[in-house]
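As annotated by Swiss-Prot, substrate binding site applies to 8-15, 21-22, ARG60, 87-90, LYS98, 114-115, 183-184. As annotated by Swiss-Prot, active site, tele-phosphohistidine intermediate applies to HIS9. The feature active site, proton donor/acceptor is assigned by Swiss-Prot to GLU87, with sequence analysis given as support. According to Swiss-Prot, the site 'Transition state stabilizer' annotation covers HIS182.
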Amino acid sequence: MYKLVLIRHGESTWNKENRFTGWVDVDLTEQGRNEAYQAGELLKEAGYTFDIAYTSVLKRAIRTLWHVQDKMDLMYLPVVHSWRLNERHYGALSGLNKAETAAKFGDEQVLVWRRSYDTPPPALEPTDERAPFNDPRYAKVPREQLPLTECLKDTVARVLPLWNESIAPAVRAGKQVLIAAHGNSLRALIKYLDGISDSDIVGLNIPNGVPLVYELDENLKPIKHYYLGDQEAIAQAQAAVAKQGKAG
């Protein structure tokens, strides 16, 4: 049996402001930093250790990983930073308040943009300052692979090559792997691991800063998964994530 630990970054400044973030590189709030430290404490108390970690190239995930490593005294851990673990790109919605967007376009439309599998938000113009083409962190990524918007289906297609070529081989080699990433890049991976249908994935909400443990068989198929921590508080956090895109 193998174990894999996933963690969504702690609360970011735009999570707090209920804004669509995507590839915009916002930082953690004080609460987000505390969530990351608490995650590290939970993992340490439960006896976990790691051989390698994976994260995105966005600072909210990177700092979350730092705080977990710090709490676990694992600052020396090898870390792979990959754009493939970035949050889903929200296109022209990037920076907009979710509730205000729902008031303008309707809860149903925003739910489709946020949670449907194959409907992306409106795309950015290539000349938009939010487009990734001139960002130095993507200088080595072929331009045609850089998105101007994404649906979850696109995010799955972006994440899976990293899983197949790097993460899964590390797990099979017996390495203890930690992934610190984002709500939708983790939803993409979980959809693949658990075989969740395109329609059911709408209902999957991942709370900030809570370790999610997957126990996998020899074929890397999930045996079970569970969050570490106060289960009632985790359920409340998941419900709060689900409500973010509503006008009320």
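The backbone N, Cα and C atoms fix where each Cβ goes, and this holds for glycine too.
Features recorded in Swiss-Prot, as mapped to the structure shown.
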{"residue": "ARG8", "record": "substrate binding site", "Cβ contacts under 8 Å, 6 or more apart": "ALA181, HIS182, GLY183, LEU186, ILE206, PRO207, ASN208, GLY209, VAL210"}
{"residue": "HIS9", "record": "active site, tele-phosphohistidine intermediate", "Cβ contacts under 8 Å, 6 or more apart": "LEU28, GLY32, ALA36, ARG60, ALA61, ARG63, THR64, ALA180, ALA181, HIS182, ASN208, GLY209"}
{"residue": "GLU11", "record": "substrate binding site", "Cβ contacts under 8 Å, 6 or more apart": "LEU28, THR29, GLN31, GLY32, GLU35, ASN208, GLY209"}
{"residue": "TRP14", "record": "substrate binding site", "Cβ contacts under 8 Å, 6 or more apart": "PHE20, THR21, VAL24, VAL26, GLY95"}
{"residue": "GLY22", "record": "substrate binding site", "Cβ contacts under 8 Å, 6 or more apart": "GLU87, ARG88, HIS89, TYR90, GLY91, LEU93, SER94"}
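Within 10 Å of the C-beta atom of HIS182 (site 'Transition state stabilizer') sit 27 other C-beta atoms, taking all shown protein chains into account. Ranked by Cβ neighbours within 10 A across all protein chains shown, the binding-site residues ARG88, LYS98 are led by ARG88. Counting every protein chain shown, the number of other Cβ atoms lying within 10 Å of the Cβ of GLY183 (substrate binding site) is 21. Using a 10 Å Cβ-Cβ cutoff, GLU87 (active site, proton donor/acceptor) registers 26 neighbours. Mapped onto three states, the DSSP output places TRP14 (substrate binding site) in helix. According to DSSP, HIS182 (site 'Transition state stabilizer') sits in a coil region rather than a helix or strand.
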